[in-house]
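Some features that TrEMBL has for this protein:
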DOMAIN    1-554  domain 'Major facilitator superfamily (MFS) profile'
DOMAIN    361-416  domain 'Kazal-like'
TRANSMEM  6-24  transmembrane segment
TRANSMEM  36-57  transmembrane segment
TRANSMEM  91-116  transmembrane segment
TRANSMEM  128-155  transmembrane segment
TRANSMEM  175-197  transmembrane segment
TRANSMEM  249-271  transmembrane segment
TRANSMEM  283-310  transmembrane segment
TRANSMEM  322-340  transmembrane segment
TRANSMEM  446-470  transmembrane segment
TRANSMEM  532-557  transmembrane segment
Amino acid sequence: MKSSLTGLISSSYDISFCVLSLFVSFFGERGHKPRWLAFASFMIGLGALVFSLPKFFSGKYQLGSLFEDTCSATRNGTGCTSSSSSLSNYLYVFILGQLLLGTGGTPLYTLGTAFLDDSVPTHKSSLYIGIGYSMSVLGPAIGYVLGGQLLSMYIDVNMGQSIDITEDDPRWLGAWWIGFLLCWLFAWSLIIPFLCFPKHLPGTAKIQGERISQTHQDKSSSLKDTEESFGTSFKDFPAALKNLMRNTVFMCLVFSTSSEALITTGFATFLPKFIENQFGLSSSFAATLGGAVLIPGAALGQILGGVLVSKLKMTCKNTMKFALLTSLVALVLSFVFVYANCENEPFAGVSESYNGTGELGNLTAPCNADCNCFQSYYYPVCGGDGVQYFSPCFAGCKNSLLKRQPKEYYNCSCIARNTEITPTSASFISEVKAGKCESRCANLPIFLGIFFATIIFTFMAGTPITVSILRCVNQRQRSLALGIQFMLLRLVGTIPGPIIFGITIDSTCILWDINECGTRGACWIYDNIKMAYMLVAISVTCKIITVFFNGCAIFLYKPPPLDTDVSFQSQNAVVTVSVECDLSNAGNEG
């Protein structure tokens with residue numbers, strides 16, 4: 001499957017979210033929000049179940065023939081052949097599963113956040129929203145850890161099949177489908193608990209009655225959206241949408257979060273690749289380090305932002321100022337990529353010659369010309385000379401020791417030796433070991449520390465901005481406001497973010513995978529310095545945009561006068577009582 005198709009599967013979730021977020025948030029605001037959340041749980045479970053179906057309908061996984069990774073003069077070069085498989089049709093099943101998952105996610109992040117805000121006092125809202133958003137960060141973290149463990153199990157574990165290959169074998173496929181079945185069961189187990197919740201939690205009427213309006217005052221506030229019946233029919237949808245789009249403070253905050261989403265999703269996708277290439281680590285260890293920095297930093301930032309806004313009981317304007325301050329700190333820390341990058345380690349055929357032979361930019365040299373090596377099989381090894389080689393084959397290694405970990409190779413023609421070595425020699429010394437050469441760069445701890453701080457300050461602004469959005473719009477349009485925010489956040493941020501980062505990182509490539517048909521595939525080696533500077537350029541640009549829109553929101557925000565607060569309170573209390581409370585509460589509040 002091409003990377004573009006993998007990206008299409010991934011973006012199907014956001015596409016579904018974009019299409020539905022406005023309508024779900026508009027109609028769900030007046031509806032029974034817990035029932036909407038029960039519907040969300042049903043759709044998330046259904047989407048996960050559909051996503052796992054290809055495993056059960058595609059049959060048993062067929063192992064291919066073992067690929068010989070050492071130098072072999074008798075190996076035949078494979079011709080240019082294109083094969084098609086019926087398995088490719090399951091692409092549409094994966095897309096359908098993602099569309100269903102996106103449908104379930106829409107009420108969760110719009111109506112779920114509004115329900116939290118409805119049910120707690122104003123000064124505690126940020127705390128609960130911060131906890132909720134931090135769970136949305138910890139959830140994927142648990143998913144990554146669990147998914148990684150499940151991939152260490154063979155794909156056909158349910159058939160009780162015994163195999164003689166390990167995870168190091170390129171033919172290995174893990175049990176990717178188990179995680180989706182667990183997600184299906186957990187999601188559907190929440191349907192009944194959600195249905196048991198009332199439309200409004202006890203005490204909501206009192207909380208709403210004591211709430212003071214902080215809605216931004218401009219021309220849009222003169223519309224008839226203060227009427228109780230406004231928003232109950234589809235004909236009100238264009239007017240409600242126009243009203244929010246004319247709220248300049250709200251739109252500034254939306255574009256601010258969209259700019260942040262672009263870089264956060266980009267780094268969530270490509271930070272492991274950056275760490276792997278900059279510091280010469282394996283892809284699995286780089287992913288572990290990336291997750292260890294991103295996940296705790298994001299969760300801690302979300303909670304800290306919510307706690308500080310809650311404890312200090314910040315007004316809408318002060319909340320926006322707090323978000324601006326944290327964004328400025330994150331902007332300064334973003335320059336970490338300039339000071340914590342590392343030059344490329346010596347790589348034969350790319351930055352280093354084969355003992356003075358061959359040409360830079362060409363992996364084939366006289367010492368491996370007879371090995372019939374494939375450039376599409378990337379299995380990096382480190383020579384005893386401190387030079388990294390593309391694969392044991394390109395290092396000219398004719399023999400290997402399978403029982404040693406990491407795997408070791410000897411009789412390598414591209415590494416000068418006086419005598420031929422045999423594995424039984426008393427003086428046996430491995431010429432080549434599997435894996436990348438250990439990086440001599442000592443900047444990794446500095447980078448991880450500063451980047452961790454950058455993540456914390458970046459996400460500290462997330463909860464305050466969400467709270468500001470809920471405060472600066474009309475009380476009855478909060479869910480729709482969140483719907484607009486998440487739609488634009490995905491259109492401008494999360495959908496193009498990984499694409500922009502991917503194109504930028506690919507522009508720093510110095511060695512591409514070229515198959516037998518001459519088609520370019522993935523990139524094997526990147527220019528580390530250029531990659532670091534390009535990521536700084538993207539990060540700083542987006543951070544400046546974030547700071548600009550946050551500043552504009554603070555400058556443009558006009559709180560309502562005190563007399564408006566009083567009338568809002570009384571009107572809100574009446575509306576809350578008559579519409580949202582049961583009869584006993586209505587009698588008391590009236």
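Glycine is treated like the rest: Cβ placed from N, Cα and C.
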*Is it the case that the transmembrane segment (322-340) and the transmembrane segment (532-557) have 3 or more CB pairs under 8 Å, with pairs at least 6 apart in sequence?*
yes
*What parts of the chain pack near the transmembrane segment (532-557), using Cβ distances under 8 Å and only residues at least 6 beyond its ends?*
216, 248-249, 252-253, 255-256, 259-260, 262-263, 266, 274, 278, 316-317, 320-321, 323-324, 327-328, 330-331, 334-335, 337-338, 340-341, 461, 465, 468, 472, 500-501, 504-505, 507-508
*Residue list, the transmembrane segment (249-271) vs rest of chain: Cβ under 8 Å, 6 or more residues beyond ends.*
216, 290, 293-294, 298, 320, 323, 327, 458-459, 461-462, 465-466, 468-469, 472-473, 481, 484-485, 488-494, 496-498, 500-502, 505, 538-539, 542-543, 545-546, 549-550, 552-553, 556-557
*Residues of the parent chain within Cβ reach of the transmembrane segment (36-57), under 8 Å, 6 or more residues beyond its termini*: 24, 28, 87, 90, 93-94, 96-108, 111-112, 115, 155, 176-177, 180-181, 183-188, 190-192, 194-195
*Which sequence positions outside the transmembrane segment (91-116), separated from its termini by at least 6 residues, show Cβ-Cβ distances below 8 Å to it?*
1, 5, 8-10, 12-17, 20-21, 24-25, 28-29, 33-34, 36-37, 39-54, 125, 128-129, 132, 136, 180, 187, 466, 470, 478-479, 482-483, 486
*So which residues does the transmembrane segment (128-155) touch in its own chain, when a touch means Cβ under 8 Å and the partner is 6 or more beyond its ends?*
55, 61, 109, 112-113, 116-117, 120, 161, 163, 167, 172-179, 182, 284, 287, 291, 295, 298-300, 302-307, 309-310, 459, 462-463, 466-467
*Using a Cβ-Cβ cut-off of under 8 Å, list the residues of the same chain that are 6+ residues beyond the ends of the transmembrane segment (175-197) and lie near it.*
34-35, 37-38, 41-42, 44-46, 48-49, 51-52, 54-56, 97, 104, 143, 146-147, 150-151, 153-155, 157
*asked:* On the 0 to 100 pLDDT scale, where does the domain 'Kazal-like' (361-416) sit on average?
replied: 79
